[in-house]
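Asker: Annotation comment: TrEMBL describes 1-26 as region 'Disordered'. As annotated by TrEMBL, domain 'ABC transporter' applies to 105-347. Annotation source TrEMBL lists transmembrane segment at 452-474, 480-502, 523-553, 559-583, 590-611, 677-698.
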Amino acid sequence: MEEIQSQSDNYRSSSSSASSPASRVPSSNFFYLRKPGSLRQPISFEDSPEWEDTDIDVRVEEGGDSIHIATPASPSLSKLNSGSLPSPPLPESAIFARKIAGASIVWKDLTVTIKGKRKYSDKVVKSSNGYTLPGTMTVIMGPAKSGKSTLLRALAGRLHNSAKMYGEVFVNGTKRHLPYGSYGFVERETTLIGSLTVREFLYYSALLQLPGFFCQKKSVVEDSIHAMSLGDYANKLIGGHCYMKGLPSGERRRVSIARELVMRPHILFIDEPLYHLDSVSALLMMVTLKKLASTGCTLIFTIYQSSTEVFGLFDRICLLSNGNTLFFGETLACLQHFSNAGFPCPIMQSPSDHFLRAINTDFDRIIAMCKNWQDDHGDFSSVNMDTAVAIRTLEATYKSSVDAAAVESMIIKLTDKEGPLLKSKGKASSATRIAVLTWRSLLIMSREWKYFWLRLVLCMLFTLCVGTVFSGLGHSLSSVVTRVAAIFVFVSFTSLLSIAGVPAHLKEIKIYACEESNQHSGALVFLLGQLLASIPFLFLISVSSSLIFYFLIGLRDEFSLLMYFVLNFFTCLLVNEGLTLVVASIWQDAFWSILTLVCIHVLMMLSAGYFRLRSALPGPVWTYPLSYIAFHTYAIQGLLENEYIGTSFAVGQVRSISGYQALRSAYDISPNSNSKWGNLLVLFLMAVGYRILVFVLLRFRVRKNVSACRFFQCSQNTNDAR
């Protein structure tokens with residue numbers, strides 16, 4: 001204790017300009033706008049919801065800066081009505097009244113452990129207590145690796161399968177999981193579709209999430225656009241297209257939040273809403289979220305650091321450090337807590353900066369460096385505090401404070417009585433989701449020139465080059481070997497060009513992972529939608545390339561043979577698309593995916609039977625299994641059988657040989673006239689097999705929600721985790 005006291009005295013002396021928060025309250029700053037004397041009071045029960053009357057009647061007046069709430073509100077809600085900040089732009093004639101049933105969350109003795117190399121030993125969150133109420137914003141703050149995101153995921157029931165949760169979590173007074181549609185979760189980094197406008201993106205999201213008819217979801221989309229103040233950007237492309245500029249980072253972050261608002265959730269979880277935002281965008285974002293909370297929605301999010309203005313919009317703060325709760329309560333009470341512990345906030349410093357400065361162990365390295373430096377005025381005395389001592393002091397002070405006792409009393413009050421049951425709003429049917437994903441993918445592919453249009457141009461140019469190089473072969477016996485080479489080059493290198501679509505496939509997988517984590521999509525729905533959308537473009541590539549190659553090379557002029565050539569090449573492209581999706585699903589990285597696909601294609605070309613007949617290949621590896629799993633083998637065999645089975649070549653003036661005999665020295669094919677359909681069937685089965693493999697990979701490789709971490713399955717006591 002003497003060490004703690006000495007360190008506290010040193011830090012207090014280094015902040016001589018600091019004073020208590022009560023003496024530093026500027027009358028004109030909305031951040032400190034509170035009732036006189038409320039700063040030193042513990043958390044009151046006036047914010048506790050009454051379950052019999054939980055609806056909040058909200059009315060936003062056109063052009064007004066204030067939100068009028070019929071039910072008694074927390075004093076912290078009055079900060080927005082001070083007029084210090086401009087309101088986000090509201091739509092024209094935005095006069096509406098809506099009753100939204102709020103939802104409260106209470107967590108008691110919540111502990112989360114992460115699986116190490118041998119056992120669940122690393123505690124990320126340690127015996128945390130807290131609550132959040134309807135119509136308020138609760139922020140989880142702390143330095144990096146303090147357990148902020150883990151606590152947020154634990155409350156939402158979205159922990160990774162390597163984590164275990166102990167303790168109790170209550171929703172409206174009872175232990176139950178959050179049903180689909182009752183909450184929204186916004187990841188720190190979300191994947192948006194840049195080739196869609198904001199309105200299109202939200203509309204397709206609504207179609208994937210909500211049941212009912214298409215026309216009924218337009219109003220929901222417009223409400224989410226207005227709620228996040230995206231009216232000026234509704235018809236702009238998210239990521240830009242051609243010469244159109246994309247959305248700024250702040251508006252992109254708003255779009256990711258608006259996607260969750262189409263469900264009109266009771267609770268909204270946001271991981272780092274100010275991620276990659278500048279100070280102005282961050283302030284506008286928080287003002288928008290403040291007005292959203294004023295409609296009755298419960299907001300809980302994590303944040304690393306904020307300005308003074310942003311900090312003033314929070315209602316409650318949960319301060320973490322190394323998984324320990326250093327404070328939970330109202331934001332201004334946190335300032336008083338630091339002052340009581342001997343760490344008052346200096347006048348010219350942001351409260352969040354001050355909090356993180358006191359509890360971030362990374363500052364110890366700065367202190368160690370500064371001790372070896374001197375400036376014109378001597379030592380750097382302003383950074384001479386031991387962070388570990390500050391953390392122990394703050395934790396001990398909080399456990400014995402009236403704030404901790406008030407939290408326990410509020411938890412008892414909120415869990416003593418059951419509130420309204422949150423019900424699922426229903427999901428869109430699988431058929432509807434497949435249709436929506438198919439149409440959306442068609443729209444994306446038609447707008448993204450790098451997706452299929454570039455491949456179409458490359459394939460046509462390459463086919464034109466190959467066709468002109470091998471043109472004028474004629475139909476003599478001497479042209480057989482050269483024509484085999486032309487068909488091999490055509491199949492092999494056009495398939496190799498499809499690797500250009502790897503970035504687009506990776507983007508699709510990321511979009512699927514984001515939508516699947518929120519239960520907006522599924523592996524089967526995604527695969528069927530992607531397959532149906534890609535068929536027209538692949539067929540366009542196969543038709544255009546086949547027509548150029550077929551007539552330049554001088555293959556037999558029969559319509560049925562031409563159609564088989566197109567169908568064979570189309571099926572070959574389907575197989576190649578499936579292979580690309582498999583590799584992309586495994587690596588989920590562009591560099592390694594492209595490198596792996598190049599190696600696979602090279603190995604398949606070597607074992608396809610062109611450079612050396614399959615019967616002459618070494619048995620292990622090259623014949624079994626490579627030559628049998630290479631789709632090049634069956635595609636080339638089918639095309640050669642289509643061209644030469646049933647034909648004959650004259651040898652001299654009397655003797656003639658069949659096309660099968662002419663090919664024996666160049667490529668192994670079957671003499672059966674129906675064997676080409678067998679090769680086509682093998683290609684089709686390969687396409688189906690690769691899609692099934694992608695389905696399995698998406699189900700087990702992509703991170704999913706873990707049902708074992710839902711609220712109602714917290715079966716162990718916190719004492720077991722200690």
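Just so you know, glycine gets a Cβ as well, placed from its N, Cα and C.
Because TrEMBL annotations are produced automatically, they should be read as predictions rather than curated entries.
Please go over these features one by one and say how buried each is and what sits next to it.
Answerer: Sequence-distant contacts of the transmembrane segment (452-474) (same chain, six or more residues past either end, CB-CB distance under 8 Å): 445, 482-483, 485-486, 489-490, 493-494, 497-498, 500-501, 534, 537-538, 540-541, 544-545, 548-549, 551-554.
Sequence-distant contacts of the transmembrane segment (480-502) (same chain, at least 6 residues past either end, Cβ-Cβ under 8 Å): 450-452, 454-455, 458-459, 462-463, 466, 469-470, 473, 545, 549, 553, 555, 569, 572-573, 576-577, 580, 583-584, 590, 593-594, 597-598, 601, 605, 608, 610, 631-632, 635-636, 639-640, 643-644, 649, 659, 662-663, 665-667.
Within the chain, the transmembrane segment (590-611) has long-range Cβ neighbours (under 8 A, six or more residues past its boundaries) at 484-485, 488, 492, 495-496, 499, 502-503, 506, 579-580, 583-584, 617, 622-623, 626-627, 629-633, 636-637, 667-668.
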Asker: How about long-range neighbours of the transmembrane segment (523-553): same chain, 6 or more residues beyond its ends, C-beta under 8 Å?
Answerer: 430, 433-434, 436-442, 445, 451-452, 455-456, 459-460, 463-464, 466-468, 470-471, 473, 483, 486-487, 490, 494, 508, 512, 516, 562, 565-566, 569-570, 573-574, 577, 581, 691, 694-695, 698-699, 702
